[in-house]
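> Structure incoming, see below.
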Amino acid sequence: MAAAVRSVKGLVAVITGGASGLGLSTAKRLVGQGATAVLLDVPNSEGETEAKKLGGNCIFAPANVTSEKEVQAALTLAKEKFGRIDVAVNCAGIAVAIKTYHEKKNQVHTLEDFQRVINVNLIGTFNVIRLVAGVMGQNEPDQGGQRGVIINTASVAAFEGQVGQAAYSASKGGIVGMTLPIARDLAPIGIRVVTIAPGLFATPLLTTLPDKVRNFLASQVPFPSRLGDPAEYAHLVQMVIENPFLNGEVIRLDGAIRMQP
């Protein structure tokens, strides 16, 4: 007999990078569907303001995902406030565009820049995964044995990295690579792990580009030939949460784009 689809209503979700972009859109959707959201983002973000806009079912938990102490404090705050954590959505990340070697400038990619991207995107994601798994593991399992769901954000750059994306592609490729082994690690305690690899989305990073550039990027998407809407990412997050058999998978959400150099 198939397991019943689980509603997001009543669930508690921690969302990193929750003050803007994909993270904020996810928080809005989940709260709108009756869930509670904890916006985990850096202290100088708009997290406090955005949480207040979303009402009593949302709070801001300031933390840098690279800090064990800060993330643990944020998770403790969430559990003390709401009693448990059912879902974690990892959206926090940064990007740089630096060539490995720039011939005209006679300039090499600095290790500091490479390490910074890896530290936030890859290590930061794993830091949240490992700590939130410890909290979810204390939940009472549902009828299907599930205690929690962890959803990570990679990128199509994990598969078709562009010029200047060595660090970014490495960080997102790492997230893709650790999805299955972590899903297997956490399977015995009933925690699912899924990664979404978005294509070109209308996030703050892209909306600041000139119209000409954005229109060109949108034209590269086969269908629909436009930038993705963050609400579409949030919709997929909800679908992942609600489908109990979806585990250990990386899902491309990209309008069938396959980036060329």
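Placement of Cβ uses the backbone N, Cα and C atoms for every residue, glycine included.
I grabbed these lines from Swiss-Prot:
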type     : residues                                                          : note
MOD_RES  : Ala2                                                              : N-acetylalanine
BINDING  : Ser20, Leu22, Asp41, Val65, Cys91, Tyr168, Lys172, Phe201, Thr203 : NAD(+) binding site
MOD_RES  : Lys53                                                             : N6-acetyllysine
MOD_RES  : Lys53                                                             : N6-succinyllysine
MOD_RES  : Lys69                                                             : N6-acetyllysine
MOD_RES  : Lys99                                                             : N6-acetyllysine
MOD_RES  : Lys105                                                            : N6-acetyllysine
BINDING  : Ser155                                                            : substrate binding site
ACT_SITE : Tyr168                                                            : active site, proton acceptor
MOD_RES  : Lys212                                                            : N6-acetyllysine
MOD_RES  : Lys212                                                            : N6-succinyllysine
> Out of Lys69, Cys91, Ser155, Thr203, Lys212, which of these recorded positions is nearest Lys105 (N6-acetyllysine) by C-alpha distance?
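Ranked by Cα distance from Lys105 (N6-acetyllysine), first place goes to Lys212.
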> How many other Cβ atoms are found within 10 Å of the Cβ atom of Lys99 (N6-acetyllysine), counting all protein chains shown?
15
> Nearest to Cys91 (NAD(+) binding site) by Cα distance: which of the recorded positions Lys53, Lys99, Ser155, Tyr168, Lys212 is it?
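Closest by Cα distance to Cys91 (NAD(+) binding site) among the recorded positions Lys53, Lys99, Ser155, Tyr168, Lys212: Ser155.
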> Secondary structure at the residue listed as 'substrate binding site' (DSSP, helix/strand/coil)?
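The residue in question, the residue listed as 'substrate binding site', is coil (DSSP, three-state).
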> Express the distance between the Cα positions of Lys53 (N6-acetyllysine) and Ser20 (NAD(+) binding site) as a whole number of Å.
13
> Going by Cα-Cα distance, which of the recorded positions (Lys69, Lys99, Tyr168) sits nearest to Asp41 (NAD(+) binding site)?
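If we rank Lys69, Lys99, Tyr168 by Cα distance to Asp41 (NAD(+) binding site), first place goes to Lys69.
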> Under a criterion of Cβ-Cβ distance under 8 Å and sequence separation of at least 6, what residues of the same chain contact Lys172 (NAD(+) binding site)?
Asn121, Leu122, Ala154, Ser155, Ala157, Ala158, Ala197
> List every residue in the same chain as Ser20 (NAD(+) binding site), at least 6 positions away in sequence, whose Cβ is under 8 Å from its Cβ.
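Result: Asp41, Ser45, Glu46, Glu50, Thr203, Pro204.
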> For the residue listed as 'active site, proton acceptor', identify the closest of the modified residues Lys69, Lys99, Lys212, judging by Cα separation.
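When the Cα distances are compared, Lys99 comes out closest.
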> Per DSSP, to which secondary structure element type does Thr203 (NAD(+) binding site) belong, with helix, strand and coil as the options?
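Where Thr203 (NAD(+) binding site) sits, the three-state DSSP reduction gives coil.
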> Where Lys99 (N6-acetyllysine) and Lys212 (N6-acetyllysine) are concerned, what is their Cα separation in Å, rounded?
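Cα-Cα distance, Lys99 (N6-acetyllysine) to Lys212 (N6-acetyllysine): 23 Å.
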> Please classify the secondary structure at Lys69 (N6-acetyllysine) using three-state DSSP.
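DSSP assigns Lys69 (N6-acetyllysine) to helix.
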